[in-house]
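Notes follow the structure.
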Amino acid sequence: MKDFDSLIPDWFKAFVQVGNDLIWSQYLIGLLITAGIFFTIGSKFVQLRWIPEMFRAIGEKPETLDNGKKGISPFQAFAISAGSRVGTGNIAGVATAIVLGGPGAVFWMWVIAFIGAASAFIEATLAQVYKVPDEEGGYRGGPAYYITKGLNQKWLGIVFAVLITVTFAFVFNTVQSNTIAESLKTQYNVDPIITGIILAVLTAIIIFGGVRSIANLSSVIVPVMAIIYIGLVLVILIMNYDQIIPMISTIIKSAFGFEQVTGGAVGAAILQGVKRGLFSNEAGMGSAPNAAATAAPPHPVKQGLIQALGVFFDTMLVCTATAIMILLYSGLEFGENASQGVAVTQSALNEHLGSAGGIFLTIAITLFAFSSVVGNYYYGQSNIEFLSKNRTILFIFRCLVVVLVFVGAVIKTETVWSTADVFMGLMAIVNLVAIIGLSNIAFAVMNDYQRQRKAGKKPVFKPEELEINLFGIESWGMKK
């Protein structure tokens, strides 16, 4: 492992450190919160008032595409994005946030999820509005498309496409494979090289099978993972029912500095809560819209609602489940010198459930993280196709994904996590600025949906009937 890690040049490590300090200390947290509040108010708290509508939307059947085939269903599109959201961030990332930011980090993860759900609604709705037909009879889209077509800024769309491709298909996937390798090594002493080879082979089998295989795999694995994981936490809660109220009190007190367990208290809690919350639920980052664009609903708002639900699913359920297990762990320590990541969660589960806890987590982290690898790859593929239609370039991209999944399993995670923070920060800045600029369109589309619902109709999107003029639309019956 040392030989692989030594290949990372010092200048790159220095670049990552400076980038992290600049992005996270001065810009991104304020932008995330400000944008989330703006979208929450502008949408009249869509993430609360339309919760029933979210569950209704996710159960609808896929629309028939122009070629006569069924499109990816709303549930499958949700599962692809959930497959990317539900991964290392829910297990290792939450543990790191608590260790470095204290229990209060959990509260700030909730806050960023609540306001971020509105951002997720806006970006997914825009992804549907500006999606384009692909060669296989389906659709593709995302920030690169709505930046280029909606804002008429192709250069910025290209910048985003490069950022998301590098961030998800390469950097985030190395984080996922590394966490799987660490977990297997800790529990069963499996050589990371062997783990890397197996993961690379499985990834190759999936990604060369096409997007339908990705949808099918994610829609099966993700719900099963979530049910088992949340069910396990309910068992732990029942076993520790007398500690639940004091634990929630500790989270809230720590969030506002009334009960300090780390240096920097409130600042550390906010930084870690927002940072790891963004890595986990991706609200406003510009990643989930790539999956949202592949669906074929009758109205763009349907996918906006589904993706907002995905943020709640990730943070309020899965991340909170992990946090509860960790905070109930009697051996939990705080600070930079304490154990971090998946090792903390493993120790917590071992205490609550005995050795079975460690075995379960090894299985869970493997399934969660591998589903993320699959979802992350699709985001990269969608943006590679935006940059170039050349099949050779796509083939090379797929090969690089497979190689980096292996590399991630055999190198240290410190530099990889820091690199991920830099690139996801850059992605979020570009995407948030873009969707703020297009917010009037998203709100108009939302109002159109609401108008049709109030009239007792099943909402169907017709761009020409919108209250504002649109350009750059290639779907929804509009010609290029």
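Every residue, even glycine, has its Cβ placed from backbone N, Cα and C.
From a predicted model like this one, the values you see are computed outputs, not experimental measurements.
Taken from TrEMBL, the feature transmembrane segment covers 27-46 (among others).
What TrEMBL records for 155-172 (among others) is transmembrane segment.
Taken from TrEMBL, the feature transmembrane segment applies to 193-214 (among others).
Sequence annotations record features per position, and here TrEMBL assigns transmembrane segment to 220-239 (among others).
Among the features that TrEMBL reports, transmembrane segment is placed at 308-329 (among others).
Per TrEMBL, the feature transmembrane segment maps to 359-380 (among others).
For 392-411 (among others), the entry in TrEMBL reads transmembrane segment. Same-chain residues lying 6 or more positions outside the transmembrane segment (392-411) and placing a CB less than 8 Å from one of its CB atoms are 1, 4-5, 8, 165, 169-170, 173-178, 180-181, 192-193, 195-197, 199-200, 203-204, 207-208, 373, 377, 380-381, 384-385.
Residues 19-20, 23-24, 27-28, 31-32, 35, 38-39, 42-43, 119, 121-123, 125-126, 129, 143, 146-147, 150-151, 156, 159-160, 163-164, 166-167, 171-172, 278-279, 284-287, 299-301, 304, 461, 466-468, 470 of the same chain, all 6+ positions outside the transmembrane segment (423-445), place their C-beta atoms under 8 angstroms from a C-beta of that stretch. Residues or ranges marked as transmembrane segment in TrEMBL: 423-445 (among others).
The list of residues near the transmembrane segment (155-172) in space but at least 6 beyond its ends in sequence, with Cβ under 8 angstroms from a Cβ of it, reads 84, 142-145, 147-148, 286-287, 290, 372, 376-377, 379-381, 383-384, 386-387, 397, 400-401, 404, 416, 419-420, 423-424, 426-427, 430-431, 434.
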